[in-house]
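Database features, via TrEMBL:
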DOMAIN    235-270  domain 'EGF-like'
DOMAIN    281-316  domain 'EGF-like'
DOMAIN    373-408  domain 'EGF-like'
DOMAIN    419-454  domain 'EGF-like'
DOMAIN    465-500  domain 'EGF-like'
DOMAIN    511-546  domain 'EGF-like'
DOMAIN    557-592  domain 'EGF-like'
DOMAIN    649-684  domain 'EGF-like'
DOMAIN    695-730  domain 'EGF-like'
DOMAIN    741-776  domain 'EGF-like'
DOMAIN    787-822  domain 'EGF-like'
DOMAIN    866-899  domain 'EGF-like'
SIGNAL    1-22  signal peptide
Amino acid sequence: MYAVVLLVCCSWVALLCPSVQAYENLALKKPAWQSSTEMSYNGAELAVDGLYTDLSWDGGQCAWSVGGQTTAEWGVDLGGVKYIHHVFIQYATDNWVWDEYNGYTGYFLGFSVYISNTTNKEDGVLCFRDTIYTRATIPNPVNITCPYHGRYVIYYNNRTHPPYPEGYSYDVYIELCEVEVYGCPTPGRYGENCSLLCPENCHCDVIDKTCVECVPGYKGHLCYEECGGHTYGLECKQSCGNCSGGVQCDHETGSCPKGCDAGLYGDKCDLECGGHTYGLGCKQSCGNCSGGVQCDHVTGTCPNGCVAGMSGDKCDLECDGHTYGLGCKQSCGNCSGGVQCDHVTGICPNGCVAGMSRDKCDLECGGHTYGLGCKQSCGNCSGGVQCDHVTGICPNGCVAGMSGDKCDLECGGHTYGLECKQSCGNCSGGVQCDHETGSCPKGCDAGLYGDKCDLECGGHTYGLECKQSCGNCSGGVQCDHVTGSCPKGCDAGLYGDKCDLECGGHTYGLGCKQSCGNCSGGVQCDLVTGICPNGCVAGMSGEKCDLECAGRTYGVECKQSCGNCSGGVQCDHVTGNCPNGCDAGMYGDRCDLECGGHTYGLGCNQSCGKCSGGVQCDHVTGICPNGCDAGLYGDKCDLECGGHTYGLGCKQSCGNCSGGVQCDHVTGICPNGCVAGMSGDKCDLECAGHTYGVECKQSCGNCSGGVQCDHVTGNCPNGCDAGMYGDRCDLECAGHTYGVECKQSCGNCSGGVQCDHVTGKCPNGCDAGMYGERCDLACGSYKYGVECKEVCGNCSNGIPCHHVDGSCPSGCDAGAYGVTCKESCGNCSNRDTCNDVDGSCPYGCDVGVYGKTCDKACQSGRYSISCAKACGQNCQGCNRFNGVCEFGCQPGWTGTFCEKRKVFAMTMKTSRFLLNWWIFNRSSTELFS
């Protein structure tokens, strides 16, 4: 048993593998965490404190978690994204030899290492997972090549899916004495001294600069291609297709340079408008959708209709046209003044139109009322029916004694009864009869009798109560029943109402109705014949002197002549004066004087002072005998020149005044300036000197050959100078064009900028692969890139590389690889040629090297072809070609490959402790067999 104990104890110490010293330990004293902590002196930070000389659980140098768990996790925050080369892990041994008999190996088996940019391992990349080691083969410490970039390194182990391989523990611990993460502290660098720069936009392999991943916003195996196709971010996997105008978003951030499409907002235009807004910039409001729902974020239309009182696709129109409520389907057309009712409730703001009542003015007046507020009464309609609720008019007429459309007037005007159609106008004193019965309250007027005073006096009587007599009426007829006057007059020579007086006062004949007052000396004519005894007064003629002078005569015996009265009428038969004025062109009481002083026509009231030379116009017609002054025309020279003419005879033209107004009729000057393209006081000069338009203030100096542009529109008649385009030649060539009519192309300027619009020269140089003043020549002579300064690589058969990116169209010459064939192949097995694209060796690497391109020396602990074999586990460092332990063995071991144990003595105390541990971990059968 003692010998067995000695055999077990011979590997109680494991010498740490030599660390790669070319890179910096990025984890040292960085913040760390673990899923649980066993004791206060077993915190997660002990695994990055740089101390691991005591590998026991209570030595104060190891992180330790609570036992009995099915998962255990530990992680370290590197403080930022770093380029990692490898991870070194020193697991606890309790200071015993690390071999299959060490109890900690079972807890180490199955572990994983992740690199992540978050504290969640699932967000990162799995760097290593143990699926091959056993308790006898798992190394400790272990170096894990992990050429990735990230911020967090996470150690994880679990026992969640039994059964487990032989030797695995049934639960897991964190038992980490040290975790060292080696790599470059500065992002974007690689190489053993971290002194080499990774390609631009590239997270490169820390060893060989191969692009492992592009920075956000770039793609392609060399990471020089910006995200396109409405994508952005890491690996161009995020979409951003809502930028205004369909433009590409920022390839790194996803932000839109010119804002968002209608209905979207946010830096990345990935948020739909909300809060009852829509459209461009979410600046339009749409808060009237039914149920308070959000309108369509693009169009503003409401999906389920509008709230009460609103209409339109966007519910932005209040109900009108005398409607209200949901869908504007309810009517409210009776509001006072024809105003719109409240679009929601239908209530009229200023009351109702006549004849309607209630808040919504939807109830007609009743109860014998009508009009505004139903405050007017109408109770006299025939049959007691309701009057019209608006006008108060009775539909079937009025009760007896009432009249008017509204039956609110008692019969008047000496009428009574139904519709006031019966007359009763003879009541004494002119009073109104009873409006219903027609009876006179105070008796009858003179000449009438009866209850209703509707019977006239007869039997040659007249007057009150028919008590007065009348006679001597012509033909013996009844006198007037009221006054006693004779209706057909008196006998000849008599007069008076009652025919009881002889004619006098220069009258004669029946009823003394014939006049004879023109007798000479004023004597009375014969009362029966009317003949004047001594002749007539001036202006009269005939036996009875009853004929006025005529035939344009006047005066005594009508012997004086008169003429020129207006309309040819007779002059006054006594004085000769014209009663209605004179004929045109004449004046004076007797119209015997012609008009003068530049007047003419009726009453000489019309002026004609604009005749040429100041001469008098015709006194009758006003016509100027020698024509008109300048600016006037017409027979009478009373019309100003129009139709855009002016001057003598209106023969000069002036049709270019602004707004089409008439120029000054005398001078031709335009009052408000000229139409576009014209200048001068009279607007008779076309714009010149490369000007055009209103007041010739607009310039147009780029017409081909220096010719004048169109004076009105500014258009150039023969095209534009080189570098200009547009109807007015006021636009410089754009869209990578230049020269005459912008027909020449220049699309290869650096940065995509526009070339000089006239010469086509590029202001800031050329795009990669092009040269020349206009960047229209592709690189030649085996050159490529910006300014053709890059030299092509080793392209197959000496074919020139691509002039832009240097890529070889037919691959590389043997021994070269990469896009530009500038990389040299590594040490491929059997000296094979590597793949000319990625440098990989088709049949693996030669002895002592490994890696994708077989250009890396085996890492410590590996040797043979492609470094496929591990050095002996007790080796302190073997030869990378043959595996010989050329740097010695760990304590307790010897041999070429450190495969033999050394036997050494130990104290009884140590032996007893190890024996107890052995008994605890092995069955008695194993111990003594």
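Cβ from N, Cα, C; glycine included.
Those TrEMBL annotations? Automatic predictions, nothing curated.
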Note: vs the domain 'EGF-like' (465-500), the recorded stretch with the largest number of Cβ pairs under 8 Å from 235-270, 281-316, 419-454, 557-592, 741-776 is 419-454
Taking helix as H, G and I and strand as E and B in DSSP, count the residues of the domain 'EGF-like' (235-270) in helix, strand and coil.
5 helix, 6 strand, 25 coil
For the domain 'EGF-like' (787-822), could you work out the same-chain residues 6 or more beyond its ends whose Cβ comes under 8 Å from its Cβ atoms?
221-222, 765-771, 778-780, 833-839, 853
Count, for each of 373-408, 419-454, 695-730, the Cβ pairs lying under 8 Å from the domain 'EGF-like' (649-684), and report the range with the highest count.
695-730
In the same chain, who gets a Cβ under 8 Å from the domain 'EGF-like' (373-408) while lying at least 6 residues past its ends?
351-357, 364-367, 415-420, 435-436
Can you name the far-off residues of the same chain, 6+ from the ends of the domain 'EGF-like' (511-546), with a Cβ under 8 Å from a Cβ of it?
489-490, 492-495, 502-505, 554-558, 572-574
Quick check on the domain 'EGF-like' (281-316): DSSP residue counts for helix, strand, coil, in that order please.
5 helix, 6 strand, 25 coil
Please work out the helix, strand and coil residue numbers for the domain 'EGF-like' (373-408) from the DSSP assignment.
5 helix, 6 strand, 25 coil
